[in-house]
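Features reported for this protein in TrEMBL:
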| type | residues | note |
| --- | --- | --- |
| DOMAIN | 55-184 | domain 'Cytidyltransferase-like' |
| DOMAIN | 253-293 | domain 'Cytidyltransferase-like' |
| REGION | 204-224 | region 'Disordered' |
| TRANSMEM | 12-36 | transmembrane segment |
Amino acid sequence: MISEGKEQSARILATCLIAGAVMVAGFSLLTLYLAAPNDRWLQWTRKKKKPVRVYMDGCFDMMHYGHCNALRQARALGDQLVVGVVSDAEIIANKGPPVTPLHERMIMVNAVKWVDEVISDAPYAITKDFMKKLFDEYNIDYIIHGDDPCVLPDGTDAYELAKKAGRYKQIKRTEGVSSTDIVGRMLLCVRERSISDSHNHSSLQRQFSHGHNQKVEERGSGGTRVSHFLPTSRRIVQFSNGKGPGPDARIIYIDGAFDLFHAGHVEILRIARGLGDFLLVGIHNDQTVRLKNPSVSFILLDFTLIL
């Protein structure tokens, strides 16, 4: 009887010891698991969280920093930015013939670092069928446009359906720059060479380089206005990715005027980037450019392209 009692006590003690060891091990693992907030749990929750996909369209003709700033603002409203590039035919029907053909405009938009995906031959207006395609096929959550009105030839709002659906968000338009303004600067360059009348030249310069007079600005009619897009430190930080070359990086340097920035510029920068690990781009100042040709546009090149 005493022997059997001892054996039973030993079995109970062994069971308790094993159970205790299992509990300690389990508690230790749980402690380690909870002490690592960036591990499996957060990874799982991130996988479950659906990214916010936003859509923005445009002609992007004679692409300039106003376009880039719009894309930057649109990307900030979501996790992924899908951009629709309007077809040549649609632009002709609604605005007139584009200066830059579709395939070149596609290259330009694809080169902007805030763009995740590009849709070619997008319609000028958001139709019911196209909006359904955006929501169902491209999983778009919101449609983005600037605060400037986009009116169709029949007088209706191009984004009316998106607004009614509650899937529309608005960004601020970059004042003082547009494709029309750049064309005006080009005319100014021609005038600068062909007209000796300083009065006529200064009048044209005021109109296109420094904005229209106060009366035009007040009544809000067409034309250019003074640009408020200044290269401040805050603006440069918004455009920059903050990355520098590594200690052993092979640094490539290329410079140029990059005036009227186009698809050819994008291609030569892409090739230059492929020659090393870090591409440093120098932009000639206006005085240097004027020694050969008058400067037309101003590009925030270093901080806009992903190459």
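Note that Cβ sites are derived from N, Cα and C of the backbone, with glycine treated the same way.
Within the model, the domain 'Cytidyltransferase-like' (55-184) carries an average pLDDT of 92.
Residue counts for the domain 'Cytidyltransferase-like' (253-293) under DSSP, split into helix (H, G, I), strand (E, B) and coil, are 16 helix, 10 strand, 15 coil.
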